[in-house]
Amino acid sequence: MSDPSSSPPPGQKPALKSTPSRFQVAPVSDSASASSASGAPRTPPRSRSSSAGRASEGPSGGEEAKGRFRVVNFLDPSGAPAEGGSDFGFNGDTVRSEASLHSSTGGLSHFSDTHSSTYYLRTFGHNTIDAVPNIDFYRQTEATLGEKLIRPSLSELHDELDKEPFDEGFANGEEPAAAEQAATKVAPESKGGTVKFGWIKGVLIRCMLNIWGVMLFIRMSWIVGQAGIALSCGIILMAVVVTTITGLSTSAIATNGFVRGGGAYYLISRSLGPEFGGSIGLIFAFANAVAVAMYVVGFAETVVELLDSVDALMTDEINDIRIVGTLTIILLLGISVAGMEWEAKAQIVLLIILVAAIFNYFIGSFIPMESKEPKGFFGYNVAILLENMGPDFRDEETFFSVFAIFFPAATGILAGANISGDLSDPQSAIPKGTLLSILITGVVYIAVAFSNGACILRDATGEDNDTIIGSLENCTDAACTLGYDFSICKEGGCKYGLMNDFQVMSLVSVFGPLITAGIFSATLSSALASLVSAPKVFQALCKDNIYPGLRIFAKGYGKNNEPLRGYVLTFFIGLAFILIGWRPSFKYYNKWVSLAGAVLCCVVMFVINWWAALLTNVIVLALYIYVSYKKPDVNWGSSRQALMYNQALAHSLHLTGVEDHIKNFRPQCLVMIGYPNARPALLHLVHAFTKNVGLMICGHIRMGSRRPNYKEMMNDQIRYQRWLLKKRIRAFYSPVFAEDLRQGAQYLLQAAGLGRLKPNTLVFGFKNNWRDGDMRDVETYINTVHDAFDLQHGVVIIRLKEGLDISHIQGQDEFMSSYEKAPVMKELLVAISIGKDMDSDSSKPSSKTTSCQSSPLIIRDTKGPSVQLSIADEKLLAASQQFKKKQCKGTIDVWWLFDDGGLTLLIPYLLTNKKKWKDCKIRVFIGGKINRIDHDRRAMAALLSKFRIAFSDITVLGDVNIKPKKHNKERFMEMIEPYRLKEEDMEQEAAERLKAEEPWRITDNELELYRAKTNRQIRLNELLKEHSSTANLIVMSMPLARKGTVSSALYMCWLETLSKDLPPILLVRGNHQSVLTFYS
C-alpha cells in the first residue's frame, strides 16, 4: 500500500486486503474440485501450476509479481474465499497434484473420510493433501485385498508452487511389471469367483493325509517288530521334533508378511533371496512331480497284489503295475484340472476313508478272536507288551536304517503351505494347520506303535496245531504263556507276526478290506496333493522368471489361475517314472532352533541315503551358482583384512545393482552432531535405533576458518573414529569444511556414504537458543531442512528441554566416564571453549562465534581441583546420559498424525526391540473426528496388527482443531512479534527491500493465511502436555512448511511452540515413500 493516508491507526490491526497488492497475490481458484463435480476432466499438474503462475501476476505485471513475497490463497469450489478468521478454514498449503488423486489401478483414491464428497482428504477438519495414515497406502500394486492408494509425495507437499513435483515413480521396489498391471485391472472382474480354503480344509486335512501314508498301515508294524515299542516311539518323536522345528520355521516365515501362491518356494525365495529360492524351488517342484509316480506306483502295487490273489492278472506283475499306474495318474490329472474345489472334495472323501480305517484297526485291537491267535494276534497282553518293548534288529537292520524308512512319512507337512495361493488367510492357516497336523498324526503314530507292540507277537506260524502240549519249562516266550509254541520261527520261514506280515493291521481290524481302502486312500491322497503342489510351486517359480525359457509355464487359467500347463508337465514326468518301472524302497520361533532343525534335516538326508543326499546338494549348489550369475575369481591371499576388504567391496558393488525394496529399508542416518562426544544424547538415541540395522554417519561441519587445516581434520577423523569404536558406537565420523551449516549439510547429504550405503534420513538437534542468536542462522537452519526434503531425505529433529550440546563444559568427558579412566596420567577428551555451542549446529554459527569454536584436545589429568558445575550444567550432563542407560518402564508416545511412509512409526518400533527400551510400550495417537472415533481406532489397530507392531493403546484425538487457549495464542503472538515484517506500516518499496534483505520475516498476509495451521501447533502442544507429559519419549509427525511460501521465522515458531516444555521429543517426517509393509 503506497498511500500513507490509508494506514491504520496505531495499535489497530490492518484489514486483510482482497486486492493483489503488496505481499498478497491474487487468490487461485482450485478449479479441479469444481470441474470434478461437474464431470469435467481435471487439470493436469503442469497446467495447474502454470495457471497458478499466471494468476499470481497481478495488474502490475509479471516482473513485479516475481519480486514480491509469493503467497497463494485458495478458494473453495464455489469460488467464495475461505474465512480467514475461522480455525477451520483452508490451509495455505492446500495444493494437489494429479498423482495423489488416483490409485495405481486408475481409479479415484477413496480416503477414509466417508463424510466428504471431495476427492482430497479432510485432515482434522481442514482441507489438505497431507494424508493421515491409511492401510491402502501400504498395499502393493497387485494387491487383491484392497485398492492401493498413492499418498501425496514429499515434493507435492513441500516444493515451491511454481515448480513441478519431483517424479518419484514407484519407490522401494514397488514398480509393477506390465503383466502385473494388466493382472491388477483384470482382478476385480474375476475376484468374486475365486475359491479360497480355510485352515482346516486347506492345510490341516492335506497335511494329515500326506503324513498318514501307507507307512501307517504297511510298515509301522514292521518298524515296531524291529525297533521295539520304546525305540519306535523314539523314532516317531525324533521325526516329530524335526518336522515341528521345520513347521515353526515355516510358520515364522509365513507370518512375516502377506503370503502369495508358490508355497515353500515363495516362502524361501522371499526370505533368503532368489538364489536359494530358485535352486531349492526347482528341485522341490521336480521332487513333488516324481513323488506322484512313487505314490501311484504304491497304489498300483497294492491293486496288483489283490489281482494276483484272485488270479486276475492282465499280463505280468510289472506291466500290470504300469497299466494300473497310468490309468490312476490320468484319473488324478482329471480331478486336478477340474479345479481346486473338486480336488478338495476328493481329499475330504479320502480323509473320511482313512480315518475310518484307523478306527477300524483300533476297534479290532480290542476284539481278540481265537481264529487270529495262530497268526500272532492275542489282544492286549502284558507279556506281549514286555517282550516287544526292546529292539530285535534282524537282516542287518539298525536304528538309523529303520528311522530312514519311517522318516519320509513325516515330511508331508508342506502339503498345505504349497497351495498358499488358494488359502483365504495363509498367515493364520499355515501355522495352525501345519502344527496341529503334526501333533495329531504324531499322537496317532505313537498310539498305533504302542497298540501293535502290545497285542501282536513278532513271529507266528499261522498254524492252529502249534499249541503247546506238555511242560513249559523250555519255553520262555510270550507265545508260550499264551499256549503257543512259535520257536520254529527263529529258524526263519514264518509268514505272520510283526516281523513278517505287512498286512497285519488288516488281520487285527474288524473289517479287513477297510484297511485296504485306507491304503488306497493314503496313496491316492498323497499322489493328488503332490500333483497339485508341484505345478503351483513351479508356476510361482516361472512367474519370477528366474530361469529363462520357463516363463511359458507361468500362465494360469480360470478363476483360480490354475497352472494347467504345469499339470500336464507334472503328469508326463510322473507317467515317465511309472513306465520305466521306478520302484523306490520305502511365536516360539528361534533362529538357533531353526538352525538345529536344518542340521538335523541334513543329517537325516545322509543317514537315509548318503549318495543321494550328496547328489542333491551338488545339484542345489550348481543351481545356486547359476542363479547368482557370478563366481568371484579373486586371489584372497592370507591377510584377514584383505579378505574383509574384498568382501565388503564386493557386497557394496553388488548392492548397487539391486533395486530398493520396502522390506529391506533401513534408517540410514546422517547425524549432524559435531564432535561425537559433544552431544551424547543425540549420539546414543540415534545409535539405539540404527545399531545392527542401519547406517549412522556422524557429520561434523567445521566452519569459520579462512585457511582450512586439512591435516588436522584428517587426524581428528582417525581419532574420533577410534573413539566411536572404543565406545562401541557403530557409526562413521565424517567431517567437512564449509562456510556455514547449510553448505556443509549439502556436501554431506550429496557425498556421504558409498553406493547403497548412503544416508536417507537427516538427524539433528533442535536449535534451543535460536531466539538469542542471529536470525540468519535460523534461515540457514530451516533451509537445511528444506534441502534435505529436496533431496528426498527424511528429517528427524531431536529436542531435549535441557539441551544437547555439552562441549562448553570443562572436562565433560571426565564427568561422564571417569569410572573408566585410570586415576593418574590417563588421557582425557575434553572440550575447551569460550561460549556455549548451539544445540542444533554441528559447530559454531558462521555469523558471530566463529572464533570460539570448541575443539576437543588431548590433555593430561593431573588430579587438579574438581570443577564446580552450575545447576543448569549438572542437569544438562544428566540429561545427556539418559539414553545411554536402560529405560525404566514407561511409554513411547507416537503421535502419527500424517502418513509419511511409516518412518514415524518405524523408529519407535526399532527402539522397543532394543534391550534398553524393551520395558517401554508404544502408545499411538492419531487425529480423527468425534463422530468416528471408534472406526478410526479399529482401522489403526488393524493396520498396526498387519505391521506386527505391538502397542499398548490407541488414542484418537477428536479435538485437535478446537481453538487453543487464549493465553497460549497470546504467548505465540508475543514470540513472533520481533520477526514480523509489518508491511502495512511502511511504504511498499521499503517493505519489499526489507523482505529481500531479511527473507525470514513474517508477512501479515502469511500470518493470516496460515492462522489455522498455527492454531493447530498451539493446540497440539496443549494435547501433548495433557497426554504425554510423563512419556519416556515422544515421537511426533513434524509439520511441513512449503518452501518459498512459509518464512523460516514462522516455521521455527511452529516447531518451538509444538515441542516446548515436553519430555524428549522427536519430530519426524519421512520422505513419503513406504518404509513399512505387511507383505512377505
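The first residue you see is number 1, and the count goes up from there.
Including glycine, each Cβ sits where the backbone N, Cα and C put it.
Because TrEMBL annotations are produced automatically, they should be read as predictions rather than curated entries.
TrEMBL lists 1-12 with the feature compositional bias 'Pro residues'.
Residues or ranges marked as region 'Disordered' by TrEMBL: 1-68 (among others).
As annotated by TrEMBL, compositional bias 'Low complexity' applies to 31-58 (among others).
What TrEMBL lists as domain 'Amino acid permease N-terminal' is 113-164.
If one looks beyond the transmembrane segment (198-218) by at least 6 residues along the same chain, the residues whose Cβ comes under 8 Å of a Cβ in the stretch are 295, 298, 302, 344, 347-348, 350-351, 354, 357-358, 406, 408-410, 412-413, 415-417, 419, 422-425, 428-430, 432-434, 436-438, 440-441, 444-445, 448, 502-503, 505-506, 515, 518-519, 521-523, 525-526, 529, 586. If you look up TrEMBL, you'll see 198-218 (among others) marked as transmembrane segment.
Among the features that TrEMBL reports, domain 'Amino acid permease/ SLC12A' is placed at 202-580.
The transmembrane segment annotation in TrEMBL covers 230-259 (among others).
Tertiary neighbourhood of the transmembrane segment (279-300): same-chain residues 213-214, 262, 264-265, 268-269, 320-322, 324-325, 328-329, 332, 418, 519-520, 523-524, 526-527, 530-531, 533-535, 537-538, 540-541, 547, 569-570, 573-578, 582-584, 616, 619-621, 623-624, 626-627, selected by CB-CB distance under 8 Å and a gap of 6+ residues from either end. Under the heading transmembrane segment, TrEMBL lists 279-300 (among others).
Look at TrEMBL and you will find 321-340 (among others) tagged as transmembrane segment. Among residues of the same chain six or more beyond the transmembrane segment (321-340), those with a C-beta under 8 A of the stretch's C-beta atoms are 195, 197, 292-293, 296-297, 299-301, 303-304, 314-315, 346, 419, 422, 524, 527-528, 531-532, 535, 558, 560, 562, 564, 567-568, 571, 574-575, 578-579, 581, 583.
Panel annotation: around the transmembrane segment (346-367), residues 201, 205-206, 208-209, 212, 216-217, 335, 379-380, 444, 447-448, 451, 455, 505, 508-511, 514-515, 517-522, 524-525, 528-529 of the same chain, lying at least six beyond its termini, place a Cβ under 8 Å from a Cβ of the stretch. Here TrEMBL flags 346-367 (among others) as transmembrane segment.
Feature annotation from TrEMBL assigns transmembrane segment to 398-417 (among others).
Positions annotated as transmembrane segment by TrEMBL: 429-450 (among others). Sequence-remote contacts of a segment are chain residues at least 6 beyond its ends whose Cβ falls under 8 Å from one of its Cβ atoms, and for the transmembrane segment (429-450) they are 197-200, 202-204, 206-208, 211-212, 216, 220, 223-224, 229, 232-233, 236-237, 240, 243-244, 247-248, 250-251, 254-255, 259, 358, 361-362, 410, 413-414, 416-417, 420, 423.
Summarising the annotation, TrEMBL assigns transmembrane segment to 504-528 (among others). Long-range contacts of the transmembrane segment (504-528) within the same chain, counting only residues at least 6 positions beyond its ends with a Cβ under 8 Å from a Cβ of the stretch, are 209-210, 212-214, 216-218, 220-221, 291-292, 295-296, 298-299, 302-303, 306, 328-329, 332, 335-336, 343, 346-347, 350-351, 353-354, 356-358, 360-361, 363-365, 367, 372, 375-377, 412, 452, 455-456, 496-498.
If you look up TrEMBL, you'll see 564-582 (among others) marked as transmembrane segment. Within the same chain, residues 286, 288-290, 292-294, 296-297, 300, 318, 321-322, 325-326, 329-330, 333, 336-337, 531, 534-536, 538-539, 552-553, 555-557 sit at least 6 positions outside the transmembrane segment (564-582) and bring their C-beta atoms closer than 8 Å to a C-beta of that stretch.
The transmembrane segment annotation in TrEMBL covers 594-627 (among others).
If you look up TrEMBL, you'll see 679-1080 marked as domain 'SLC12A transporter C-terminal'.
Computed over the domain 'Amino acid permease/ SLC12A' (202-580), the whole-number mean pLDDT of the model equals 85.
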